[in-house]
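Engineer: Residues or ranges marked as transmembrane segment by TrEMBL: 39-62, 117-134, 141-160, 175-195, 215-233, 245-264, 271-291, 297-313.
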Amino acid sequence: MDLEKKKTLMKYTSLVTLTLQNAILGLSMRYARTRSGDMFLSSTAVVMSEVVKLLTCLVFVYHEEGTIDRALAALHNTIIKQPMDTLKVCVPSFVYIVQNNLLYVSASHLDAATYQVTYQLKILTTAMFTVLILRRSLFPLQWGALAILLTGVVMVQLAHTDTPYLPSGVEQNRLLGFGAALSACVLSGFAGIYFEKLLKGSDISVWMRNVQLSFLSLPFGLFTCLMYDGTTVRNNGFFFGYDFFVWYLVILQAGGGLVVAMVVKYADNILKGFATSLAIVISCVASIYLFDFHVTLQFVLGASLVICSIFMYNHKPATRESQGTQNLKV
């Protein structure tokens, strides 16, 4: 297989993988938070996801360095010998932990389709922080896309497609779910831009940066877990409510960043937009069969506007530096 065919294969493989990961993650989080039985602690799941990402990134660092001794030396030089640089990573580490906990709150109170559409507001927040922090400018078409995106999300939120209670007995609070999703979008936009600035301001590899990120996220994650769920952890254990599906969810969430990294390398913005849009469609269709989701005309119109806005926002000259900075975090 020649190089061009290999690149084409990797491009569409990454496209399919990202599409499925985006759709399946939202559906899996929704199912995990609404099924009957003992409810696992989302704060512990966030911590374990960071552990999995840390171990995975360490493997990639080892692959980059070639030997264990060189990998350990690189970790020591980057993390221990540069304390001020390491401390800079504390900001996105803390933000990502809070964001991931908020996503579980949102998945508990919004159906999978609404959650998937609403979370696309991270495009808007990332664009805002791109202008404010990186001092970049947006095309008029992109500003129009952001306005359409906001309109579409508002229409979806006002559609009221779910029920106050689920079969598991969990009470739904759409306002709480939307607030959690919106807060997660703001944090995602800020952390993504901050992390991009760290990456471009040094010669440290993306894998080493993510080792720092996950390593520093663990103390924040454990603190959050003990602060909000300390009593349950002490009484029932850290892994209360865990089963095969929860472990699958932890690994799926941790692996999402690795998939994004592959897409950033092999696919362009149009394909990434297509993957995100297709994930929304898959989530909507799957929700009809899995969660008895009732589609309304207003929801369809709102979701269509969001999908259109994604393509509009990503439609920019190839010479312009990509502004999808939320994809930099693994």
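The chain as shown is numbered from 1 upward.
Cβ coordinates are placed from backbone N, Cα and C, and glycine is handled just like the others.
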Engineer: Residue list, the transmembrane segment (175-195) vs rest of chain: Cβ under 8 Å, 6 or more residues beyond ends.
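Structural biologist: Same-chain contacts beyond the flanks: 91-92, 95-96, 98-99, 102-103, 105-110, 114-115, 118-119, 121-122, 124-130, 133-134, 157, 209, 213, 325-329.
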Engineer: Between the transmembrane segment (39-62) and the stretches 117-134, 141-160, 215-233, 271-291, 297-313, work out which stretch tops the count of Cβ pairs under 8 Å.
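Structural biologist: Looking at each of 117-134, 141-160, 215-233, 271-291, 297-313 in turn, the most contacts to the transmembrane segment (39-62) are made by 215-233.
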Engineer: Of the stretches 117-134, 215-233, 271-291, 297-313, which racks up the most C-beta pairs under 8 Å with the transmembrane segment (141-160)?
Structural biologist: 297-313
Engineer: For the transmembrane segment (117-134), which stretch among 215-233, 271-291, 297-313 has the most Cβ pairs under 8 A?
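Structural biologist: Comparing 215-233, 271-291, 297-313: 297-313 has the most Cβ pairs near the transmembrane segment (117-134).
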Engineer: For the transmembrane segment (271-291), find every same-chain residue at least 6 residues outside the stretch whose CB is under 8 Å from a CB in it, and list them.
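Structural biologist: Sequence-remote neighbours of the transmembrane segment (271-291) are 11, 15, 18-20, 22-23, 26-27, 30-31, 34, 111-113, 115-117, 120, 263, 303, 306-307, 310-311, 313-314, 324, 327.
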